[in-house]
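J.: Just dropping this structure here.
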Amino acid sequence: MSWQAYVDDHLMCDIEGHEGHRLTAAAIVGHDGSVWAQSATFPQFKPEEMNGIMTDFNEPGHLAPTGLHLGGTKYMVIQGEAGAVIRGKKGSGGITIKKTGQAVVCGIYEEPVTPGQCNMVVERLGDYLIEQGL
């Protein structure tokens, strides 16, 4: 399966039990900041934004004072899982980022999608990739 198929079929799909509800944007990005695959709607990000995200995985709390920035959008960092998941909130939407062995899986959402639904979609794929050694 191509990386693009993972984004299209596992991240940008309808959320279970909620036909028509899906993430706004999603991507799989290597730890080095290279985009493996992304939805057409995923924001163009700056290298320093991805560097900040990777630093927060290695030093949990790094982004808390400044917020998480991606594609010029600032998200308030909320409870995640140290070294594994970063979650951010902006208005009625937000972002979930799950770290795997070689990449990060990113999902961005807006209402009516809930934070929990975004977490489920992103973390499920991230856990699968970890199981596959990726």
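Glycine is no exception: its Cβ is also placed from the backbone N, Cα and C atoms.
Feature table excerpt (Swiss-Prot):
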DISULFID  Cys13-Cys118  disulfide bond
MOD_RES   Thr114  phosphothreonine
MOTIF     84-100  motif 'Involved in PIP2 interaction'
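Give me the lay of the land around each of these features.
T.: Summarising the environment of Cys118 (disulfide bond), the number of other Cβ atoms within 10 Å of its Cβ, over all protein chains shown, is 25. DSSP assigns Cys118 (disulfide bond) to a helix in the three-state reduction.
Sequence-distant contacts of Thr114 (phosphothreonine), defined by Cβ-Cβ distance under 8 angstroms and a gap of at least six in the same chain, do not exist.
With DSSP classes pooled into helix, strand and coil, the tally for the motif 'Involved in PIP2 interaction' (84-100) is 0 helix, 13 strand, 4 coil.
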J.: Which residues of the same chain, at least 6 positions away in sequence, have a Cβ lying under 8 Å from the Cβ of Cys13 (disulfide bond)?
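T.: When sequence neighbours closer than 6 are ignored, Cys13 (disulfide bond) has Arg22, Val121 within Cβ distance under 8 Å.
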J.: Give me the mean pLDDT over the motif 'Involved in PIP2 interaction' (84-100), rounded to a whole number.
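T.: 98, rounded to a whole number.
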